[in-house]
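Below you'll find the structure, written out as structure tokens, and then a few comments.
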């Protein structure tokens, strides 16, 4: 019976009989091990359940065919320090049998686990293990922490080495993966092999595309298709948590101290990590000694695992991109035009829903130049269907990369102005439906430059929708994306919705998103030549994003054109945005600009309006009569000259013209007034005001003034050179005389601007040098002389430094240097102002010198101060706006040297730079996809597919294989242009610098610093300043008087004057005379 039992044992064992029979028989003779009767049958059953297929791979121990005798056994080299097997039955087994006999065995059975396999690189050093099928009744080992195993009654074999990687024991709560090697075992259909019920924890679904999660927004929109969601944790439902591991390698430590009498006692691992699975059939196969590691790896690759951790920013869970689909669309006149429904949420609270303009947003992909917009058959909603309307007022809002705060500030103010138009119920032009005569056009310069939040604001108003724009239509590049919608809601600067309950009326909006960044001049060409030509409006208003017009400003601008048919352009008052309670005025830079803007609107603009020619209508808030802008039959006119600067290239471009177009708002002014055969005039409207942001940092301030100063200088030169064009206009003789007086005034101003640097130095030299006289020295001990020489040398060095900085450094890269220079200039100005007032006070209190009005220092100083500061106060009070004199005048006078030196030096040294600080975008983008089709039908494709990426890669490989030579490109037009402008810049800077240097050195050598009374040049300088100030005041006063007369004539101020009866018809004759005088002044 013993031999038969051994025969059955060897027949069932996975080890080769010929190789191990002798070792096992010897061990059984010394220490016989009791075998349970069911052992052989259990092993036979396990062999029938496992498939027997060969797998090729690396070397390890396997079952061999019985007829093969000379085969190397992998576990022959066992460790030499194995524990010795004791004689007889062990104490542990004896105690275990006694507990079984008495029924005291309380060891809980462990549920069966799925079949697995062990994986180890050094498999030839390990003893092959055997795992029995599930749910078989085995006798458990003594005091074992796990259920009974087949090893409890296995033949006596040596334990594995210390490098053996044990199988991590898991609870039955571990979910079964969708595919594992154990699933290949046929015949297992028991419930213990099925996946356990889901746990209570919430985690991402295991579906690749991300199925919805309960209780999250993704249950409505679905998961994100861009990122595969990880499956549920492997041991989410296990009863015992698995501790984290630091390494995949595990170390097996035999517990000899506790189970020194049991060779097959359980081993403890330092790590509970689950090792890599190994195919169990490799141990049960009897065909080859070689296992197939490659096949094992193929099986392992099919096992689902977590994968690497995602890198970079991840999308918010529950939100995904809109699903795109392909649709066939019918072209309209060969062009792509789409009518898109507005969002449901926006539609839900609209008060008006009866027309398509309220329920659908219209998208047009424009593939032509703006000059060909109408000729190519493009239309706007106001030109066809039920929405055919006459456009009275066309408003243009240009923007580049401004944020949503600046955009909503401007747009909400515009919509409140439209509400004011509709509130004028007694007007013959406006009224309740007045909004139908107003169209607002927003032109954005560059699709990739626009601020994303600004697009969000437009989308909230219903004007813009993401995902419908295309880069090309039938292989024609799209130049601009045009969105049309009549919105009924507005967003204020606090990003709060305002609707009909706040008085907001519908607003017809056109949003033109240019594909490329081509500067502001091109944006105006889209407005005037494309949309203006299609709508043919009466008045066009230009606004910049960030400017906030007051509630009635646009009405006052339009009214100026309605009351005077000779007005071709008008502008309002630009105010600096002072912030809440004037907090921005704490910044000296903002305060100085506030003073400058105020005095320009009090002195300069009214004077120029009296003459009829305003040198600059600010683009931030101005208006033009569209009919006056049109070209004549030969194509020459204001618009042709205005857009001439957009096509200047290379050395053929005129540097004066290029710089003049930096201040493009000055060009239309001259072209309108000097238009042949017309009598157009420009007007300043005092009732129109608009607030705008001003630069609050030094680099931004210098860059802005560089454009303004160069544009103003070259535009003034252009108008003075071409002043003869006025002779060919239809202006009256009186108007032509007034215009020539203005040209003379501009010429004098231009000369003072050109020599302002030398005049500043000479003023400082003579005034501050006047304190060096020991009789006048306020400090004594020649301290004033030391201070004067220090400041004099500092001024000369500072001016020289300004040239070096301006020629080689950008303001953004030299913030501290420019700031330090402005601080030193302020110190020089403060000392010069102190010297001026001290000299005047010394003359008043001196006993030796008599106070006389005449040719002396006292008279010259008093006249100069009263003509500047005094005149500023008087005119500000006359216009009932004196507060800037209190809050901002000191900051302006302190920073005045910086205006003269820093700004003008930088401007003249950068006349070669004719850009706005941005470069044109000439690269064709294809990120939006295109509309491709045949005939009148196109198919809208999704963005780039994998096939497109592969084709581009293949083309690159073919170019490398064929070694295609890249031709050398000639010098670019931009490089030629830059070289030419730099040469002109050098000549201009040299001329300007030498001229100012000669004047300063000559006058300083002729007149000493102490002889102020005999200084004729200083006398001329002071009296010239006074004369110019008085001239400006006269013009401003004339404007105010004419306004009063105009109010009287129009009946807004009624005078009830009763004449005596004996005077007869004198009253009627006086009224007729006043009417005739008013009509002559208007002409």
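In case you wondered, yes, glycine gets a Cβ from its N, Cα and C as well.
Noted in Swiss-Prot for the protein shown:
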- 1-248: region 'Disordered' (REGION)
- 1-10: compositional bias 'Basic and acidic residues' (COMPBIAS)
- 18-30: compositional bias 'Basic and acidic residues' (COMPBIAS)
- 23: N-linked glycosylation site (CARBOHYD)
- 38-49: compositional bias 'Polar residues' (COMPBIAS)
- 61-70: compositional bias 'Polar residues' (COMPBIAS)
- 67: N-linked glycosylation site (CARBOHYD)
- 78-100: compositional bias 'Basic and acidic residues' (COMPBIAS)
- 117-128: compositional bias 'Basic and acidic residues' (COMPBIAS)
- 132-148: compositional bias 'Polar residues' (COMPBIAS)
- 177-191: compositional bias 'Polar residues' (COMPBIAS)
- 260-294: region 'Disordered' (REGION)
- 282-292: compositional bias 'Polar residues' (COMPBIAS)
- 417: N-linked glycosylation site (CARBOHYD)
- 708-728: transmembrane segment (TRANSMEM)
- 747-767: transmembrane segment (TRANSMEM)
- 785-805: transmembrane segment (TRANSMEM)
- 820-840: transmembrane segment (TRANSMEM)
- 860-880: transmembrane segment (TRANSMEM)
- 889-909: transmembrane segment (TRANSMEM)
- 987-1007: transmembrane segment (TRANSMEM)
- 1020-1040: transmembrane segment (TRANSMEM)
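For the transmembrane segment (889-909), same-chain residues at least 6 beyond its ends with a Cβ under 8 Å from one of its own Cβ atoms are 588-589, 591-592, 595-596, 702, 705-706, 709-710, 713, 753, 756-757, 760, 798-799, 802-803, 805-807, 811, 818, 821-822, 825-826, 828-830, 833, 869, 872, 985, 988-989, 992.
Proximity of distant same-chain residues to the transmembrane segment (747-767), defined by a Cβ-Cβ separation under 8 Å and at least 6 residues beyond the stretch ends, is recorded for 713, 716-717, 720, 791-792, 795-796, 799, 828, 832, 835-836, 839, 897, 900-901, 904-905, 992, 995-997, 999-1000, 1003-1004, 1007, 1009, 1012, 1015, 1017-1018, 1021, 1024, 1028. Residue 417 (N-linked glycosylation site) is surrounded by 23 other CB atoms, counting those within 10 A of its CB over all protein chains shown. Long-range contacts of the transmembrane segment (820-840) within the same chain: residues 698, 763-764, 767-768, 770-771, 776, 778, 787, 791, 794-795, 798, 801-802, 805, 857-858, 861-862, 865, 893-898, 901-902, 1012, each at least 6 residues beyond the stretch ends and with a Cβ under 8 Å from a Cβ of the stretch. For the transmembrane segment (1020-1040), the residues of the chain that approach it from at least six positions outside its boundaries are 602-604, 606-611, 684, 745, 748-749, 752, 759, 762-763, 860-861, 863-864, 866-868, 871, 874-875, 878-879, judged by C-beta separation under 8 angstroms.
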